[in-house]
Every structure is written in C-alpha cells, then in structure tokens.
Amino acid sequence: MSSNVWPPPPPKNESEDEKAARLAAEKEAKRISDEIDRALEHERQELRKHRPQTKILLLGQAESGKSTMIKNFQLYFCPSSFQAETVAWRAVIHLNLARFVNYLLYVLSNTNAGSGGKKGDPNKDYRMFQMRLSPLKADEGPGLRFETVPEVSVRGGTGWKAFIRGRRRGSQSRMMTNPEEVNDARRILDACKEDIVALWKSPAILALEKEGVDLHHHARYFVEHAARVADMKYTPTPDDILRARLRTVGVEEHRMVMETAAEKGEEWVLYDVGGQRSQRASWASYFEDVNAMIFLCPMSGFNQRLAEDRSVNRLYDSMELWDTVCRSRLLSKATFILLLNKADLLHAKLKAGIRFSDYVKNYDEDQPNTVDAVSAYLRKEMMEIHRVYSPRKRQLHVHITCAIDPTLMAAVLNSMRDVILVEMLHQTTLL
C-alpha cells in the first residue's frame, strides 16, 4: 500500500486508547496545516493589497477623447470586463441616437431645408417625420440649440454601468431613472427605426448639408446604422462602444485588473477628469503620486470654438492647457505621453478644403494642407512647449492617434504600456 496516503490507515489490532491518541494527533496536525494555509493566504492577500498600483491620469479639454481612450485600455487589456459592460453601453448609444434625431428635426424646423424652400411652410414629408418620430421627444434632454447636439452626461462616481445592468438601485445618475425605462426606450426606438432611416435618406437632410450645417457629429455613425442600432435585438459591437459619447462631469475612477500576460492580475487605476473649464481647478488634487500623465489634444479642433466660451479657439485652448500641465511641479516625476488625437476628423476637414492656415496664423499658408504636415507642425510646437517649461528634463512620448480605430490604437497602447512599465521599474530601482 502506498505510503503517501493521508491520513494513513489505522494499524492492525489498535486499542481504543491508541485510536483516541491517533485521532487527537491527526486533528492537531490538521489544525496546524489549516493555520499555515490561512497564514499563507493572508500573506498573499496582503501582498496583493500593498502591491504598487499603476496610476494613470488622463487630461485634456472636453471632447478630446479621454473617455474613448479609457474604453481602448479596457478593450485591449481587460476584454472580459469590457464585454460585461455591453448592456450598459447600449443604453448610452440609444440616447446618442435619439438626441441626434431630435437635433435633426429641430434644425429642419429652423432652416429652409425642411420647408421645401419656403420658411414657415413645412412640406408634407417633414410634417410626417415630426409626427412619427415624436415618441423620441421624451429622450431629447435639455433644451436644444442650433449649434450643438445635446450631450448624454453622467456624474463621476455614480456607478451608472452597474445601475443600467440592474445590479444597483438608488444610483444618482440622471441618465435614467430605472432599468425598466431603458427597456421602454428600446421598444420605442425599434418602432421608429424605419422612420429614422427614411429621415436620414430624405432630401431635407441633403439640403441641410448643402446649406452648410455641420452634421459630422459622433452620433452620425449611429443614425447611419439606425436599422441595426435601433433594432430590439441589437447588441453593441466594440466599434459601436468606442463611438458612444458620454460626457463625464467630475472625476471618474476606473480600476482595471489587467488580463494580458505581461501584467496579468495587476491593478491599473485610470482617472478621467472632466475637461470643461469649470472643472479644471480640481485637477491638481489628482496630480500627486501618478505614474503617467496622458494628455489628449484634439487636432481637429483648429476651426472650432469652446462650448464654454465661443471666443476661444479649441486648439489654442488645448495648447495653453498643455503649457500649464508641463509647468506643474506635482507632475515632475510622472511619465508624459502626448496623444495628438482625432486624426480622422482632421483628415476629413482638410480634405473638404478647410485650410489649417486660415485658423492658425503661425502655420505658413505655403505649407501643405495635409494631415502629415499639420500633425508634424503640432508635434513640434507641443514638444517645444514641453522642453521649455518642464521643471526637469524628461522624455516626452508623442503619438498621432484616432481613438476609434482599434487597429491603430493596439500599437499605441502597447507602446504606452511598455513605457509606463519601464518607468515603474526605474522608480523601484529594478533597472
């Protein structure tokens, strides 16, 4: 019989006293073994609890792409948790779609496009769309303005994803009042999907673009795919989720347990802070003790104005903000990563004939009006700001990005991950 069997079989002709002594010894041995197991598990938990976290701060003005970058991190490094949040993002996508449709109807009612050329005398088709799509009015949110599509917003820390999935009651998110309303909204969109498709293909929408109304909003993608997105059986794809827009009010903390081989099981904490001017005063409290700072500059904003102050050019504001961040002594030890983002929108604008030199006077009008030339100019300007105003000499890592392109972002994310990990090893004197 094998000697490795535990507990060993009782000896032959064992007396009652010997049996009692043997059982007592086995019980004591098991107690000691269990105590050792508990101590080892406690030690593992303590090591995990005190393992240095990787803390990353994302900065940039509103609509620079910070929230989309968070989704890219999750998609690439934590795919299972990204997949688990699909249902929550479906509700956001449906709100994006409904509000953009309402914006289209509002603009049509205030231009010649919806009136057959006679202002105040809407044509038959337009009146039909207003009537048939009226159930979507319940989701239009704050008052509409001609210049902007109303954003879907959520206050940081409200746990809105768990709330939408029906796992958390009493959330303070103002986006929905309860999960049942989410299902009602899905049924309404499903009933309206054919009319949404017809509206988008109608001559009135073509007339809007001919009149110069800018319809290149992020939600355009969803109305172009309304037959799929508004269907009751719709499940968002990763591309859909990356394009969903949700404005963060306050600070949203994202804790990600990494699933990729190099850092599997490690926790990375990403802080997404609101980029509106009114929220920037609170940024400094998050500057200390971060391993890396990722700054997003939307290159396509060169011909746009800030929503908070229509007198300020978005690109100029972003460069001034970068200047301020570079000067910060609280971030002097952090790894700096600059993402010149929204290369796709920049390309679309330049291809449409909008000249970068008309809005950025330091850019010579004789220089090419191309993405490569413009991004090279911005890269040089931003690197010079960093060189001149940083409190200490450090390397700056710059990438040209399109946050809704997963293939491009995979290479960028790998590069950023390697830079951050190497810097952390330097800080722990392992290199």
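In case you wondered, yes, glycine gets a Cβ from its N, Cα and C as well.
Where the annotation comes from TrEMBL, it is an automatic prediction and has not been curated.
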Correct range for region 'Disordered' (source TrEMBL, candidates 1-29, 30-58, 117-145, 146-174): 1-29
All-chain count of other Cβ atoms within 10 Å of Arg245 (GTP binding site): 21
For Glu63 (GTP binding site), the number of other Cβ atoms found within 10 Å of its own Cβ: 23
Least buried by Cβ count (within 10 Å) of the binding-site residues Ser67, Asn341: Ser67
